[in-house]
Amino acid sequence: MDFPTRFDVIVIGGGHAGTEAALAAARMGVKTLLLTHNVETLGQMSCNPAIGGIGKSHLVKEIDALGGAMAEATDKGGIQFRILNSRKGPAVRATRAQADRVLYKAAIRHTLENQPNLWIFQQACDDLIVEQDQVRGVVTQMGLRFHADNVVLTTGTFLGGLIHIGLENYSGGRAGDPPSIALARRLRELPLRVGRLKTGTPPRIDGRSVDFSVMTEQPGDTPIPVMSFLGSKEQHPEQVSCWITHTNARTHEIIAANLDRSPMYSGVIEGIGPRYCPSIEDKIHRFADKESHQVFLEPEGLTTHELYPNGISTSLPFDVQLQIVRSIRGMENAHIVRPGYAIEYDFFDPRDLRYSLETKVIGGLFFAGQINGTTGYEEAGAQGLLAGANAALRSQGKDSWCPRRDEAYIGVLVDDLITLGTQEPYRMFTSRAEYRLILREDNADLRLTEKGRELGLVDDRRWAAFEAKREGIEREEQRLKSTWVRPNTPQGDAIAERFGTPLTHEYNLLNLLSRPEIDYAGLVEITGNAVDNPQVAEQVEIRTKYAGYIDRQQEEISRLRASEDTRLPVDIDYLGISGLSKEIQNKLNQARPETLGQASRIPGVTPAAISLLLIHLKKRASGRQLEQSA
C-alpha cells in the first residue's frame with residue numbers, strides 16, 4: 001500500500017548520518033521522513049563511547065555551526081572532556097569527550113522528536129522506487145510505499161553486514177541488529193561501483209572485575225571544555241575518569257599463537273579495515289617490534305559498569321579474547337560482558353557522487369556515512385548534514401551547496417572522497433587540510449553559521465548567540481586597538497615585570513597582544529575590562545597572534561580560487577582534447593570532475609594537463625560567443 005502522506009525528503013537510517021540528515025532537511029522547512037528499523041536505536045553509539053578527537057572535533061564544531069545536533073548532545077551526555085594538543089598551535093587543538101551512551105542517545109532522540117517538519121517511522125527499507133533514473137520513493141519490508149523525489153541513504157554497516165568472531169560468522173548489521181540484505185541486493189543492481197570494507201570493536205568489560213589500583217588514572221580537564229558553541233559546563237552530567245593500562249609480551253604471544261584462527265589472517269574477511277583504528281592482532285602483526293600497546297578503559301556511562309577497552313578491538317575467537325583480556329595488568333580477573341567482533345559491509349565508491357553527495361546516475365538519491373567508505377561518528381554526521389541539506393535544496397528547486405576545502409573540513413572530506421575515492425575506511429585528520437590554520441575548531445561558527453542561516457539550517461537562538469559573539473570580537477579588538485600603555489607608568493611597569501617585556505615607547509594593547517610572550521588573560525588582568533565571553537577572548541587572542549600567518553593563507557587561497565572554482569561543462573569531451581595523454585583523457589572521462597580544482601587533485605592529472613584544460617575552456621567559450629554573434 002501507499003503511505004497517505006507524500007514527503008519532500010526521506011532519510012533511511014537513524015545513526016549519526018541519518019539523524020543529522022533528517023534534522024537538516026526538516027530545519028530547512030521541507031516535509032521529511034526518517035525511516036529506521038528500530039526507533040530505540042536512534043543516535044546509538046555503535047562502537048566507542050566518545051565524540052571528537054584530532055580532526056574529528058573540527059567536523060563536530062562545523063556540524064554545530066550549521067545547526068546540527070551532535071555537539072549539543074555531547075554536552076548533555078559527556079562524562080569526560082579533554083583538549084588534545086593543548087600545548088600546540090590552535091590549528092591542531094581538538095576537543096574530545098567520553099559520552100554516556102544512554103544520555104547521548106536520549107538527547108538525540110529528544111531533538112528528533114521535537115523537530116518540526118520531521119516524521120519518524122519504524123520499518124526497514126527493502127527497495128527503492130526508481131523511474132527513468134530518478135528516485136521516487138522507497139518500499140519497506142512489509143511492502144509499504146513512501147513517496148518522495150529525494151532519498152538519503154545512511155545505512156552504516158548494515159548493507160550485507162556479516163559479523164565475524166573467530167572463524168564463525170553470521171549476518172548482522174551490528175551486534176543484536178539484523179542486516180539489510182534486500183536493500184543491499186537492490187543497490188548492487190544500480191550502475192554504481194561497490195566494494196566491501198571492515199571495521200571492528202573490542203570486548204566490553206565489567207568494571208567491577210577490574211583492578212584500577214594498578215592502572216594510571218586519566219581525569220578530564222579543568223576547567224571543563226564544552227563541545228557546542230551554545231554549550232555550557234552546567235549542562236554536563238557527573239564527570240568521571242578513564243584508566244590506562246598496557247598489553248605486554250604475554251598478550252602478544254597469545255595473539256601470535258592464534259593468528260591462524262583470526263578471520264583477518266585466514267582469508268575469511270575480504271573487506272579492508274581502518275588503517276588508523278587497527279585491531280589488536282593487526283597491531284601485533286604490523287608493529288612486531290613494539291613491546292606493548294596502550295589500552296584505555298573508557299566508561300560506557302554513569303548507570304552501567306561496562307567499560308570500553310579502547311585499543312584491543314579484535315575478531316579472534318572468544319576463548320582467545322578472554323586470554324588476551326586477562327593477560328593485561330589490572331584485568332587478570334576481568335569478566336567480558338560482550339565479545340568483540342569484526343563486521344564486513346558493502347560500501348559504494350564515492351567517486352560516483354557529486355559534491356552534493358547525490359549519486360551521478362540516479363537523480364535525487366543521496367549517500368552519507370559509511371556507505372561512502374568513511375569511518376567515525378563525526379565523519380558520518382558531517383556527511384549526513386550536507387546530504388540532508390542538499391536533498392532539501394533540491395526539493396526546493398535551489399542550487400546545491402558544499403563548502404570548499406578552504407572553508408571547512410566538511411569540504412575537505414567531501415572533496416577527498418569524490419575526487420580520490422577510498423580503498424579503506426576514511427578518517428579525518430587535520431593533516432588532510434591544506435589551510436588548517438584557517439579551519440580551526442574554535443572559528444567554525446565564524447566560517448559557517450552565516451551560510452547556515454542563509455540556507456535555513458540555523459535557528460534564531462543560535463543566530464542571536466553568533467551575532468553577539470561576532471560583535472563582541474569586533475568591539476574587543478577595537479577597544480584593545482584604542483587603549484594605549486606608556487612606559488614608566490604603573491601599567492607599563494606591571495607588564496614589563498609580568499612578561500619580561502620592557503616598553504620602549506607607547507603601545508596599544510592589540511600590538512602588545514601580538515607578542516608571543518603576552519597572553520590575553522594576563523594582559524587584561526593588568527589593564528582591566530576583560531570580556532565576559534571566553535569564546536570572544538579566545539578569538540581575539542588567536543586572530544591577533546596569528547594575523548600574519550592567517551593573512552598569508554588567505555592570499556594563497558585568493559590566488560588559487562579563480563581556477564579552483566572554474567566549472568567544467570557536464571558535456572565536455574575529454575577524449576577529444578588534443579594534447580592530453582590517453583591516460584589522462586581516460587582518468588578525466590571516468591571521474592567527470594565538476595571543477596578545475598577537483599580535476600587537479602585526480603591522481604596522475606598533471607599541472608600541464610590542467611593548463612590544457614583551461615585553454616580548451618577559453619577556446620570553447622570564445623567559439624560560443626562567435627556563434628551567438630553570427
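Each residue, glycine too, has its Cβ placed from N, Cα and C.
Database features (Swiss-Prot):
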- Gly13, Gly14, Gly15, His16, Ala17, Gly18: FAD binding site (BINDING)
- 273-287: NAD(+) binding site (BINDING)
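Features per Swiss-Prot, on structure.
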residue: Gly13; record: FAD binding site; contacts (Cβ under 8 Å, 6+ apart): Leu35, Thr36, Leu153, Thr154, Thr155, Gly156, Phe158, Gly369
residue: Gly14; record: FAD binding site; contacts (Cβ under 8 Å, 6+ apart): Ala22, Leu34, Thr36, Asn38, Val39, Thr41, Leu42, Gly43, Gln44, Ile120
residue: Gly15; record: FAD binding site; contacts (Cβ under 8 Å, 6+ apart): Gly43, Gln44, Ser46, Thr154, Gly156, Gly369, Ala380
residue: His16; record: FAD binding site; contacts (Cβ under 8 Å, 6+ apart): Gly43, Met70, Gly369, Tyr377, Glu378, Ala380, Gly381, Gly384
residue: Ala17; record: FAD binding site; contacts (Cβ under 8 Å, 6+ apart): Thr154, Gly156, Ala368, Gly369, Gln370, Ala380, Gly381, Gln383, Gly384, Ala387
residue: Gly18; record: FAD binding site; contacts (Cβ under 8 Å, 6+ apart): Val11, Ile12, Leu34, Thr36, Val152, Thr154, Ala368, Gly369, Gly384
residue: Arg275; record: NAD(+) binding site; contacts (Cβ under 8 Å, 6+ apart): Glu424, Pro425, Arg427
residue: Cys277; record: NAD(+) binding site; contacts (Cβ under 8 Å, 6+ apart): Thr199, Ser313, Thr375, Pro425, Arg427
residue: Glu281; record: NAD(+) binding site; contacts (Cβ under 8 Å, 6+ apart): Ile255, Leu259, Ser262, Met264, Tyr265, Thr314, Ser315, Leu316
residue: Phe287; record: NAD(+) binding site; contacts (Cβ under 8 Å, 6+ apart): His293
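Residues near His285 (NAD(+) binding site) in space but far in sequence (CB under 8 A, at least 6 apart, same chain), listed by position: Leu259, Tyr265. Around the Cβ of Ser279 (NAD(+) binding site), a 10 Å sphere holds 25 further Cβ atoms from the protein chains shown. Taking the centre of the Cβ atoms of Gly13, Gly14, Gly15, His16, Ala17, Gly18 as the FAD site, the nearby residues of that chain (Cβ within 8 Å, site residues left out) are Val11, Thr19, Glu20, Ala21, Thr36, Gly43, Thr154, Gly156, Gly369, Ala380, Gly384. Gly273 (NAD(+) binding site) counts 21 other C-beta atoms within 10 Å of its own C-beta, drawing on all protein chains shown.
Taking a C-beta cut-off of under 8 angstroms and a sequence separation of 6 or more, Lys283 (NAD(+) binding site) has the following same-chain neighbours: Lys290, His293.
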